[in-house]
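Working notes, beginning with the structure itself.
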Amino acid sequence: MAPGCKSELRNVTNSHSNQPSNEDDAIKVFVRIRPAEEGARSADGEQSLCLSVLSQTALRLHSNPDPKTFVFDYVAGMDTTQESVFSTVAKSIVESCMSGYNGTIFAYGQTGSGKTFTMMGPSDSDNFSHNLRGVIPRSFEYLFSLIDREKEKAGAGKSFLCKCSFIEVYNEQIYDLLDSASVGLYLREHIKKGVFVVGAVEQVVASAAEAYQVLSRGWRNRRVASTSMNRESSRSHAVFTITIESMEKSSEAVNIRTSLLNLVDLAGSERQKDTHAEGMRLKEAGNINRSLSCLGQVITALVDVGNGKQRHVCYRDSKLTFLLRDSLGGNAKTAIIANVHPGSRCFGETLSTLNFAQRAKLIKNKAVVNEDTQGNVSQLQAEVKRLREQLSQFTSGQLTPGSSLARDKEKANYMEYFLEAMLFFKKSEQEKKSLVEKITQLEDLTLKKEKFIQSNKMIVKFREDQIMRLERLQKEARGSFLPEEQDRLLSELRDEIRTLREQVEHHPRLAKYAMENHSLREENRKLKLLAPVKRAHELDAQAIARLEQAFSEVSSTETNDKGLQGLPPKAIKEPSFFTSTEKLKVQLLQIQTELNNSKQEYEEFKELTRKKQLELESELQSLQKANLNLENLLEATKVCKRQEVSQLNKIHAETLKIITTPTKAYQLCSRLVPKSSPEVGSFGFLRSQSAPDNDILNEPVPPEMSEQALEAISEELRTVQEQLSVLQVKLDEEEHKNLKLQQNVDRLEHHSTQMQELFSSERSDWSKQQQDYLTQLSDLEKQLQDAQTKNDFLKCEVHDLRIVLNSADKELSLVKLEYSTFKESQEKELSQLSERHVQVQLQLDNARLENEKLLESQACLQDSYDNLQEVMKFEVDQLSKNLQNCKQENETLKSDLHNLVELFEAEKERNNKLSLQFEEDKENSSKEILKALETVRQEKQEEMARCEKQMAKVQELEESLLAAENVVSCLEKSRESDKELVTNLMNQIQELRTSAGEKSEAIDTLKQELQDISCKYTAAVADKEESKELIRRQEVDILELKETLRLRILSEDIERDMLCEDLAHATEQLNMLTEASKKHSGLLQSAQEELTKKEALIQELQHKLNQEKEEVEQKKSEYNLKMKQLEHVMGSAPEYPQSPKTPPHFQTHLAKLLETQEQEIEDGRASKMSLQHLVTKLNEDREVKNAEILRMKDQLCEMENLRLESQQLRERTWLLQTQLDDMKRQGESSSQSRPDSQQLKNEYEEEIIRERLAKNKLIEEMLKMKTDLEEVQSALDSKEKFCHRMSEEVERTRTLESRAFQEKEQLRSKLEEMYEERERTCQEMEMLRKQLEFLAEENGKLIGHQNLHQKIQYVVRLKKENIRLAEETEKLRAENVFLKERKKE
């Protein structure tokens, strides 16, 4: 792109994008339209634009048949400024980089669309100081201004390190622009750093100027070539990367933030028919287009992925896309400047650029803060907690508006749950605060009371000494008191014991112990609210009441036995009190330990009972299922037995019928009928003839056959019954096995569900406890951190104030020294100047005499000069009047000339019209046209003659003006000669005066030089010391960095090991669970297979049973038939007495058969009853087991209660034993101390007086300490108020500083825009001047190229215009200098 074209570009103004967006980290897209250059006209003179800006966020592409409208984050027109582009696009990205985010800015567009101008600025000037400098230099300035601001705010607690690298992608090869000898570099990927270039030079910079030097050094190595569309076309993609590392130290933790700012200038897409590229240029264009097409494919794939499609993003197809992977859909905040050309000849490339920008706008990145915190574990944990709290606050207050309805519902539910949780959290926090306040109050109370106890201990020691002394005296003077005196002494001692007991009862430590006991009782009460514990406690209370009653009776009997012995004084003195307190302490500790043990045992017992309950529930479930199965089986057996009984009844009836019916016996007729007598032969013959058939049918069955038949039937029945019993046994066994398997399966399923529920409940409890502990820890750590930060801040302020005071003291001492040296030098100089003054006074007297002579001659010359001045004024007035007249005439002539030019133009147009008319109507009006032309020519000649006359007049006036100017110049020369004489004389005098001043100034300059040299020497020494200190600090920093790096590596190794252990543990648990699940599945599968086998076997047995039943049915049917026949025979027997009867053994056999059948029926009923009895027995056993379980639970509770009760009784007996021992000791001491009671009384009174005095002294000391404490408290309050005031002052200064910084940035941007506006106005003036020259030349060509007077007039006008423009340029230059000085200030 030509530099002249680039300088005409204007940038986008800001409006809305300084603030970070709320809609994730979507890529920001800004469209910039470059202005159309002067050479944009086509061959036939047309100039058309294919774009128009509708608003700050929309533009329209004029396409046929329908125009297209595009919406972006910002649309810049042709007349926007570079400062506006920077404030809109780059400011927010640079601020994000300061906060720890990665940022990328790159320009995209066709060749010649202004990408390099947008990123760098004009190429034919110093970009870093030029008013039209681009985004990259302005980003440097703003970045380092933010760094300086952060350093000023944080001081030595925050440091920054900036490193620059500059690479280019040329023909799909990567080259380092900072190393001209570099060959193709390679891209590598790191898990934390992301994609980086191996071997790229990174140069450390400390200011914007150094960064720009690095940029310009690399820019000179970039590949640039000329094409038909752009004189300086970029042939490679350039990526300038700034790595910003900030290290902030807060107490013991070190926060390190690392961010990357990528500033990318892409090469433009090209068309060979437009650029006419050949050879190497064509190859370069192909590689550029290929990489840009890969970039477009990546953006399309990212858009599809964002819409929910499964797409592979081809980052590795091009070096450019792989290098910018984090900027496109990764960890970065990205801004794209799409540069387009408004010309209609670039319509295709403009449309493709806008489509690319519209697709890129849909991509959303995932930018995160690249921060690493180093320090000790507590600080890191506190930082993690703080960040978690910030995250929870951020998530609680943020709602994305553009989500779907389902997500809105889920978020609404989540917000409700979160609000409830926050309410509970606030309540818990309030309760915790109240408890903490209560604890602090109690701790203060305990501290005060402990002090009081310490004072009482001192008193007690004194009393013990006095008691020992009294005991010695008592031993020496035993038996000297009367009984009345002894009684009185004993009463006084009892009163003292009573007061001491009251003191013991109201002792603060006892109150503390009472409070602790109260809290423990509350916990115990909560534990006692459980139902089994309540029952046990009721029993315990009854037993305790009985035991206490017995103990009170025993103690009363013991006290009665001991008599009316008085209490000795030694027993009630302070040692016993302290022993009792120590015992109470021991008892309290024992109670606490026992309570903890009981709690632990209760938890263990609870866990055991819970496990047993789970097992019993599983057994109960399995037994219930087994019970159901047994009930079903019982019902089935009942039905089966009922059917069998009915079938047996039917068989019995049929057998009876078969037995009673006769059978045919043709062969047995002769054998069974006996020989008849002759008397009855005829009668028998008649009977036999009358019914032969009936005789055969009514022939009785022989007993042998009936017995055989019955035996066959009974054998068949027996075999069938045996088979049936065998099958029934097998079926029962299989059902029993099936029942057991089913019970096992149910038990396992129930156990697995219970274990899962238990696991989930324990996990939830553990997570809740962990969360509670974490919240408590985070709150405490936050409070501690806040206190530490306040303390550090105050310390830093005190340190700064001390430094300021020290520096002020040093400056004051230096000023005093300088003042003393200056005073001495002034005195010396005054002495020297006094000597010189005398010498100069003499020289002045001589010069005064000479001056008087010169004044006389000057007076003469002045008179002549005044005369000449008056003459010159008169002549100048005359000439000025003539000049004004000439100017007026010149103006009139100009207006006449303008009118003539207009007439000439009109005549010219009319002439053209007439020529056209002449061509059209050549034959009709040729003579009239010729006459008109002649008249026009005559008028033209007259006008030309008139113009020549006027030009001659103007020339004469100019000659007269020149002559007058010559006269004036001569007069001025004579005046200047006179002035020169006067000035020479005055100069001589002035030289004499200045010689003395110069010498004094020389002395001053020498002194000043000496002071400058000394200052330079001291500055050089200070610089040397500073450099040494800086080197030392850098070495220390390097050592610290090495140490932090080592610690970081160690921490990472430890974390890796922990993660590996966690992974191994998780894999082991997973393997165990998978094995257990496999075992369970195998067991279930085997059980299912066995069930299927059993079912198949049951079906086979059922089939056989059905076959057997069918056979039995057939046999029964046969048996029934026989029984019917038998019954028929039995019925017909009385009618025929002469026929043979059924044998008696047949009836007995039938009775036996019936008995067996009845016995079988009874057996079935008995089996049914036995089954019912078995079921009832199982139910009874289950109830018995449940009762036994409850009884065992009750026994456990009772055992626990008895244990507690026995422990309490043991403690009470121990207490009573100790009290009994004390009472015995007291009795012994009282028996010894009775004789010396009076003396003891006196000594006690003296001791009491001394104790009162000591008590008063202690009270006074305590009051003094209270007053001192109040004074210290007031001083502390004043200090706190002062600290609060100072913190408010610091906060106010911070707000003022931020406001001043913002105002400064706004003024700077406005100033930059003014500079750009001025440059633009200068360019527009230059363009207007060129147009004016062009029009003047055209005017001269049209009018005055044949007239010398007109040429002279034209030259004069040009001179005047040139003078005016020179004056304007001088004004603008002065204004520019003024603005630059103001900017420097």
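Backbone N, Cα and C define each Cβ position, glycine as well.
Note that the structure is a prediction, hence the values are computed from the model and not measured.
Summarising the annotation, Swiss-Prot assigns ATP binding site to Gly109, Gln110, Thr111, Gly112, Ser113, Gly114, Lys115, Thr116. Among the features that Swiss-Prot reports, coiled coil is placed at 368-1385. Taken from Swiss-Prot, the feature compositional bias 'Polar residues' covers 10-21, 1228-1241. The domain 'Kinesin motor' annotation in Swiss-Prot covers 26-363. The feature N6-acetyllysine is assigned by Swiss-Prot to Lys1007, with similarity to another entry given as support. The feature phosphoserine is assigned by Swiss-Prot to Ser1139, Ser1167, with similarity to another entry given as support. Residues annotated as region 'Disordered' in Swiss-Prot: 1-24, 1222-1243.
Secondary structure at Thr111 (ATP binding site), taken from DSSP and collapsed to helix, strand or coil, is coil. In the three-state DSSP reading, Thr116 (ATP binding site) counts as helix.
For Gly109 (ATP binding site), the Cβ neighbour count at a 10 Å cut-off comes to 27, with all displayed protein chains included. For the binding-site residues Gln110, Thr116, counting C-beta atoms within 10 A of each C-beta gives the highest total at Thr116. The Cβ of Gly112 (ATP binding site) has 29 other Cβ atoms within 10 Å, all protein chains considered. Across the domain 'Kinesin motor' (26-363), the prediction's mean pLDDT works out to 81.
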